[in-house]
Amino acid sequence: MLGLRHLLRNVAHATPRSTTTTPATLRALLPTGSRAYAARTTHETIPSYDTVITEFKTYKPITPGIRHLRRPLNAHLYKGKPIRVLTTALRRKGGRNATGRITVRFRGGGHRRRIRIVDFMRMEPGPHDVVRIEYDPGRSGHIALLKARDPNAEGNAKWKYILAPEGVRAGDVVESYRSGLTASLIQSVRSADGDAGEDHLDKKTLSLDEITQHGKDQSTSDALLIGILRGVIIKLGNCVPIKLIPTGTMVHNVSLDPRGKAILVRAAGTFAQVVHHEENGRYSHIRLQSGEVRKVLSNCVATIGRVSNPLWDDRKLGKAGRNRWLGWRPRVRGVAMNACDHPHGGGRGKSKSDKHPVSIWGWGTKGTRTRKPGPKTNKMVIKERPRGKEKASKS
């Protein structure tokens, strides 16, 4: 076993770490008549080794700063500059508010960057072509550049950035149904279903209540029509009203106001799940990434799929300087401060005594609840997120 580890270590140093090493390349470097060659060709060893190499990019440790550096492989990202009109300058505040007081600790410095203006409303209907997937320095997930097919669209209606769902690539087509479903789409679905109804064809877009012929008392034809519509519009990257999304579907970019922008589930790799639609049709239940189940108005919208760059949380920066490039200052422990700077500070040693750990402002921390629990705190929350032992048992 020691001989195999020594041989594999030599092979790893002999091959460039910045390139992807496949099992075939590894087997070619090993002696064909040795036990090591047979060991590397087993079913249990090759997939695990290949997965680590192909998901992250590592570097030969010629300097200490890149010894532990690893980044997700994103060969599909565009390497050029963003569209200038879709960006704005970032004016740094250093964690200070309007009065100059620090309200967000450990912020400051960082590389110059421009904020990408991301469309969280998705109001423009019609198909949009995905031109490219770009890196956004201001967020953890990637963004997708869309181009509208409407020849009359100009400015922000022609080009826009959205959060890129995982799996969407250049050349794909996404569409937003927030303003309603197009009459031509409804007519095509009805003709495929054998229904030749031509109601509301004078309108460009239709709401769900206008599509169904009997309102809340849906007939069999209405239920079948909605089922066919779901099969047509539930596609990766489409912005769809929550009432049309089947239960169990993964979504992101969830809005809490039917006329507001998306504010939930926007970080890299996150997703929510539609778990229930109430019978009266007013609310839908969504399970968030934290495990919390809450009610959302069914007229709100969400985007199908999960946010891109799911391996972002598993990356390693390799050195403290990269955190400074991102605008984060060192996080100093309370026991390392003076008594005037933190409740844990001071003393002839490094102990904080036997009192419960608190924040710099004296609030309880490390599990202490700072919000009054109970059903009246947030009536939209059906099931709170797991905490403590419940969270540990599920993980």
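Note that Cβ sites are derived from N, Cα and C of the backbone, with glycine treated the same way.
Taken from TrEMBL, the feature compositional bias 'Basic and acidic residues' covers 381-395. Residues in the compositional bias 'Basic and acidic residues' (381-395) partition by DSSP class (helix H, G, I; strand E, B; coil) as 6 helix, 3 strand, 6 coil.
Marked as domain 'Large ribosomal subunit protein uL2 RNA-binding' by TrEMBL: 95-176.
According to TrEMBL, the domain 'Large ribosomal subunit protein uL2 C-terminal' annotation covers 234-364.
According to TrEMBL, the feature region 'Disordered' maps to 341-395.
Away from its own ends, the compositional bias 'Basic and acidic residues' (381-395) comes close to residues 285, 288, 290-295, 367 of its chain (Cβ-Cβ under 8 Å, at least six residues beyond either end).
Broken down with DSSP, the domain 'Large ribosomal subunit protein uL2 C-terminal' (234-364) shows 15 helix, 36 strand, 80 coil.
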